[in-house]
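J.: Okay, so Swiss-Prot annotates it like this:
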| type | residues | note |
| --- | --- | --- |
| DOMAIN | 18-163 | domain 'Thioredoxin' |
| DISULFID | CYS60-CYS93 | disulfide bond |
| ACT_SITE | CYS60 | active site, cysteine sulfenic acid (-SOH) intermediate |
Amino acid sequence: MTEITFKGGPIHLKGQQINEGDFAPDFTVLDNDLNQVTLADYAGKKKLISVVPSIDTGVCDQQTRKFNSEASKEEGIVLTISADLPFAQKRWCASAGLDNVITLSDHRDLSFGENYGVVMEELRLLARAVFVLDVDNKVVYKEIVSEGTDFPDFDAALAAYKNI
């Protein structure tokens, strides 16, 4: 998919598309304390990567809460990645009262977005998407939501995550 819609208007996705069965490419993002983080930092764990345009919107807030609530019952790790500033992500976590949520910022280089094909070119934000990786970083599930303001398929993503 190289085009989605956002609020009904066409948006072009930039970056390298990855597919189920591929090994996930590395990326460099920042945590809430401005520390550099890469995929290798989560080696040996299954991962549910929830990608949101902005943590400060209602749909993104609900997506982050749902995946963290449901997937945290399993062994593994849940990462929420957006192009928000780390300060905004930290503030959101504090105001939401969520201490165990891992939010990562791709604002600096869009490394994650470029390597996973989810940069919304016209907006310089990340498209709503979900990637599930096994312990070897093989992509076992991928969804790029076709309308950026819609929810992902929670049931399908969580089933893929639980079945690893």
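From the backbone N, Cα and C atoms, a Cβ is placed for every residue, glycine too.
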J.: When DSSP states are grouped into helix, strand and coil, how many residues of the domain 'Thioredoxin' (18-163) land in each?
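T.: So the counts come to 44 helix, 39 strand, 63 coil.
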J.: Out of CYS60, CYS93, give me whichever of these disulfide-bonded residues has the highest number of other Cβ atoms within 10 Å.
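T.: That would be CYS60, with the highest Cβ count within 10 Å.
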J.: State the mean pLDDT for the domain 'Thioredoxin' (18-163).
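T.: Averaging the confidence scores along the domain 'Thioredoxin' (18-163) gives 94.
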